[in-house]
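Asker: Mind looking over this structure? Questions follow.
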Amino acid sequence: MDGQKRAREDALATESAASKSDAKRMKTDSSVTVVAHESSTTARNKRTLNLPAASDPSSESMRRETEAGLKFCEHILEEFRRFRYNDVVEPFRVPVDPVALNLPNYFDVITHPMDISTITRKLEAGAYESADRFWHDFDLMLQNCFLFNSAENEVHRRGKSLQEEFDLEWSNFHDWTQDYLAKKYTAAKFGHIDTKNGKQPVQETAKPHVLSGNSGPTQMPTRALKPKTRTDHERVARTDISNTIIVRSKPPLPAPPVVTAPNLEPLDAKIARIEKTKADAEAALAANRKIIQDAEAELTASKNHKALHEEYNALKIENVNLRRKHNAKMAEFNTRKAEFNDYARVTQEELRKSSTRHEQISTRMRMIEEEIPEVYDEDIA
């Protein structure tokens, strides 16, 4: 009896030492939580182990970052639709039309044309795998502009301005995407919380372990244990060792949304930005008003010039017609004058001859009267 009792006490001491060794090793492993329970039938310690499903967050994190980057690309395109960017964006909105713009050698120089409408269409269709592909297309569009247009060209200067604005917007990539992720997604998921022992949540990513009550080292399972959710309570599975309990947690619930304060813009900076936007809009409005006034003045001058030109042409036509009529009348006058002069000469000659004959007749009559005292006068009608 004494020998059996001594052997049993030696076994208990060995097992207790192994248990302490396991507990010490598990305490250094932050991926698992070990909870000790006091048995009601024996003086031995029994241990339980939470076994949440393992997960690899790398692919999900990459997917979220890619999504945030593409959302930032949408934000940039939306920003460039604002009124303040109209002047610099206008030449790049649609594809270049070499026929309409009379650029017959455009496709000889530019082999890969690009424009904002094409970039927008590709982004909406999901053609970009990441934000850097969007950046490369935008940069291709600008480099095409610089390659085809000389530095003195207005389109080249607008391209430089657009490049500066784009680089300025792109410098906010990290802050914008982090703010987007903070607003959209919740905090990381945490494991089981043992409220009786005051344990804090521990995020578990390592593979589950099995603790054996009658052996020193911790044994790894031959296959991964998959969580089974048959009830809302924890499922307890016993191994062939009756004093070892393996506890599998039910799938962790999503943590409540973490309310993070947005990156609020300082009021002074916000006021300065709004005032600058207002000043830019007022400057653009004043410039447009000046353009309208100049256009109206030029239009009025053009209308007056057109009216004077039309009046001049009408007077010129009338003058030509009057000159033609005058020349015709002068020709008629000269013709009739010549005819009248001829008629006057003939008439004058006839009058001279008639006067001469009258004198001859009068002289002869006096001679006859002198020779013949008595002459019988006859009434001559």
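Including glycine, each Cβ sits where the backbone N, Cα and C put it.
Given the structure is predicted, the values throughout are model-derived calculations rather than measurements.
For reference, TrEMBL lists these features for the protein:
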REGION    1-63  region 'Disordered'
COMPBIAS  29-43  compositional bias 'Polar residues'
DOMAIN    84-156  domain 'Bromo'
REGION    208-232  region 'Disordered'
COMPBIAS  212-221  compositional bias 'Polar residues'
COILED    278-325  coiled coil
Asker: With DSSP as the yardstick, break the domain 'Bromo' (84-156) down into helix, strand and coil residue counts.
Answerer: 43 helix, 0 strand, 30 coil
Asker: Calculate the per-residue pLDDT averaged over the domain 'Bromo' (84-156) and state the result as an integer.
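Answerer: Averaged over the domain 'Bromo' (84-156), per-residue pLDDT gives 95.
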